[in-house]
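Undergrad: This is the structure I have questions about; it appears just below.
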Amino acid sequence: MFSVRVFWKTISFQTEKLPTCRWWLLCSRDCHSASGPCLGANELKGARNNQVTKRKRERSSCGPVLDLFDQQYREELGKLWLSARSVLLDPHCWQYGVMLNRFTAVTDVTQILQSQGFSRLLTAPPTPVSHLEYQAGKDSLLSAHCSTTCRADDSCPQSDSSSHPLPSERLHSLPHHSLQCYIHPRPLRLPSQVHRPGQLKQYYLLNAASLLPVLALQVKDGEKVLDLCSAPGGKALAIMQCATPALLCCNEPDPHRRDWLAKTLESFLPHSLNSTVIVSAQDGRFFGQSEASTFDKVLVDAPCSNDRSWLYSCSSQQGEQRLKERARLPALQVQLLQSALSAVRPGGLVVYSTCTLSSSENYAVVERVLKDFPEAIPEDLWEEIAVPLSKNFTFTSANPGHGQTSLEFSLQQQNNVISSYRHRFGILVVPQPGKTWGPMFLSRIRKKK
Ligand SMILES: C[S@@+](CC[C@H](N)C(=O)[O-])C[C@H]1O[C@@H](n2cnc3c(N)ncnc32)[C@H](O)[C@@H]1O
């Protein structure tokens, strides 16, 4: 029925020869897209008391990209852009999430993480909270917590878990029982693990905001799931940490990125899942035609102007080229989301996500698709995701210039109320000092039965 190939079963690739030291003493050479401090052996063992090693090579931002972001995001995000900008321009400040792999033993990693002050994301507080405390958490959602640029050494503010307790009943509604992700209030980064044939990796490093689209998808055991734009596979892995679907189809048309995806899957998932997790190579825009109404859940983690990495384009020329491509992205994103809505069964869910702050690739894409799809109903993620997770992430949902009138906006400001209209099309995680996660936009749409 599916035009897919079980790709990752057969793939072979070069592996680095491991030195004799234990894996966690290594620092990665292929880790995240920009430089950041890396936890070395002594830090992990606690011997040097949490010191952070800065990477030697500094990277500078790309002028044309920054100019455009300044122009666009100042208008779209107001003051929130100034503090987001300070984070994006300071990679030493970036935090890294550690998603554990439930298909391998992780006790040693967990112990190390805990001893270094990492804590588990998505753990509900043990005691119920009062209405006032709940309101305090809610009201903090849109506030930028610090306007100064944080440094890797010591000045990033620590998230204060006691000041904004969260409604435990809401956290319990998130499907996170088996998904284990550890985060640290400071920008400590575990080294990436190298691939070793026959051995599964214990953890995957990620921007913790990448987990939110997966949580919004609410995958349950036995469901058929499509990850339409899958490489390098971080969200596919997260789906497999949350549940055991009957099928997870990971689609990626770019051959190089598909190799990377296959390598990720092979490094983290046991052979017993080879017939459950499959890789396909279609152009996602046509999936809806070839597999109409087939899947229970579809994730569209769309190609987008990836703000973090585009800001560090290696030359002005590359930056300018990317900005030209940027204008073409919304049309592709609209087609991918339309295709996803065709591929999902009536009653099923589609989550659309990007890692850009740009409203034309976020709210505007969703709004455009909904116009032509009367059977598609946008769902409110504010109460389900933004409110319970406001301790860890800074969320916003729209801006004066897009999707609402300025009158509505000023009324909301006066009343300190977030109207349901404001977050109808999705929620946006904006990186802020001390909570540097994001950018990440997510929107959930249900197809009517
Ligand atoms: C943001 S990345 C996906 C990241 C991935 N979901 C993860 O969590 O690791 C977007 C991906 O979409 C792929 N892509 C680009 N055009 C596409 C198309 N027409 N159909 C499907 N995927 C496409 C890109 O090659 C890229 O790998």
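The first residue you see is number 1, and the count goes up from there.
A Cβ is built for glycine as well, from the same backbone N, Cα and C atoms used for every other residue.
Curation plays no part in TrEMBL annotations; they are all automatic predictions.
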Undergrad: Name the one residue among E223, E252, E291 that TrEMBL lists for the same S-adenosyl-L-methionine site as C229, S230, A231, P232, G233, G234, K235, D283, D301.
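TA: My reading of TrEMBL gives E252 as the candidate in that site.
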Undergrad: In sequence order, which same-chain residues at least six apart have a C-beta under 8 angstroms from K235 (S-adenosyl-L-methionine binding site)?
TA: S210, P213, V214, D227, L299, D301
Undergrad: Restricting to the domain 'SAM-dependent MTase RsmB/NOP-type' (138-448), what is the model's mean pLDDT?
TA: 84
Undergrad: Hey, how far is C229 (S-adenosyl-L-methionine binding site) from C355 (active site, nucleophile), Cα to Cα, in Å?
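TA: Answer for this pair: 13 Å between alpha carbons.
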Undergrad: Between the two most separated Cα atoms in C229, S230, A231, P232, G233, G234, K235, E252, D283, D301, the residues recorded as binding S-adenosyl-L-methionine, what distance in Å do you get?
TA: 20
